[in-house]
Amino acid sequence: MLRALRLLPLAEAHLSSLHRCQLSYIIYAPASATCLLSACSSANTTTSQIADIIGASAAVSRRAFGSQAEVWTWGKGEEGQLGHATENLEKQPKRVDVLLYTTSSSGAEDSSKASSGSANVTPSSSTSGASQTRGVDSGSEPGGGNERQAFAGQVSCGLFHSAALLEGLLFTWGKGQGGRLGIGDDQPRYQPARVPLDDVSAVALGGLHSLAVTGDGRAWSWGFGMFGALGHGDYTNAYEPTLIRGPWENKGDRVVTISGGGAHSAAVTAAGAVYTWGRDEGEGRLGLGGAGAAGGSPTPLQVHGIEGHVVAAACGGFHTLCLTDDGRVWSFGANANGELGRESSSKGGPQPIRALEGRRIRHVACGGYHSAAVTEDGVMLTWGHGGHAQLGHGELRSERTPRELQRTGGYSRGERTETGSLGGRSH
């Protein structure tokens, strides 16, 4: 029965300028093992129309898990960034082939398979009974054991590439130029391919580069190095994950989260410090302040001037947001479109967004020229460039201060997201 279903909030969504990745949880109904509901929608799909795009989801075997996570993508696919093994444009959300990997007969993960970077391509049945191939690119033969669905913990989109993090395993697909997929070459991949990096806890894709954090608190990067956004001290490309030797290492600190922008990056450590690196054209996106910051830095440098313990950072096209544990948001960088949430620019370093005082912010996100924040009670605010309706206020205009998003249009009710990211100039 549909009313017996329990729907979890959307766990992760990430946008690029041309495509979108979304992670949606599938929950089994207590009264029916085959009745599923997918929390996935597009700009043309309201929450009341979700059932129309369930497709073959109801065929998933219950022996895998009581719940399952799936990745859906849509938009332009000419570089393979949608992960559907084609270059087709998808006008509606379409599920990426389910990622499977082998477990032992006891149910434990086959560590030999995981560490070698392989993932199974296994046949499974659709609702029509036809056999179809699901899985990811693999360099070895599938092993024995019981296949099970992997829980996707995070998705991220670059300009022409995408990534999904599944229980410590990282997969990328799309355009490979410059090594941005991290799998050793610059060739495109039209289906998810395993990145040779274990125990990944976070992933973030910039425009032309990629970043990740592993469980031991180390930060890694790969892709285009011409802007210094990799943080390796040079401007060369990296075709596989390469360790970032940041100042936090000498302080006994560890990286907990990371963010990639158009040509710069940021990392937040367990001690509450934030470090930035990459391109800075004098607008202050690195938050280092002063004329000497023009040109940027190819190595991580600590940002000073933020009061409190930083817990998250978000990089936009030319600006950056930082969130502290007391719920305040600090911004710095370009402000031509109001993306900093105030009238003045911030070339001298981080400044708090006064318009958000009195609200406790839980999440922040940046697009190319716009920004967003979600409060602890689920209220979303957006600001910055709005000429393409990307702010969601029903108007084609920019906002220089945060404006609360209203529930409008055909939505029957709002659904609060756990996390979300803006990666595009126009959405």
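Every residue, even glycine, has its Cβ placed from backbone N, Cα and C.
Keep in mind that TrEMBL annotations are predicted by a computer and have not been checked by a curator.
As recorded in TrEMBL, the features of this protein are as follows:
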- 106-119: compositional bias 'Low complexity' (COMPBIAS)
- 120-135: compositional bias 'Polar residues' (COMPBIAS)
- 394-406: compositional bias 'Basic and acidic residues' (COMPBIAS)
- 194-407: domain 'RCC1-like' (DOMAIN)
- 69-117: repeat 'RCC1' (REPEAT)
- 168-216: repeat 'RCC1' (REPEAT)
- 217-271: repeat 'RCC1' (REPEAT)
- 272-326: repeat 'RCC1' (REPEAT)
- 327-377: repeat 'RCC1' (REPEAT)
- 378-427: repeat 'RCC1' (REPEAT)
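According to DSSP, the repeat 'RCC1' (168-216) comprises 3 helix, 24 strand, 22 coil. Computed over the repeat 'RCC1' (327-377), the whole-number mean pLDDT of the model equals 93.
Summarised by DSSP class, the composition of the repeat 'RCC1' (217-271) is 5 helix, 23 strand, 27 coil.
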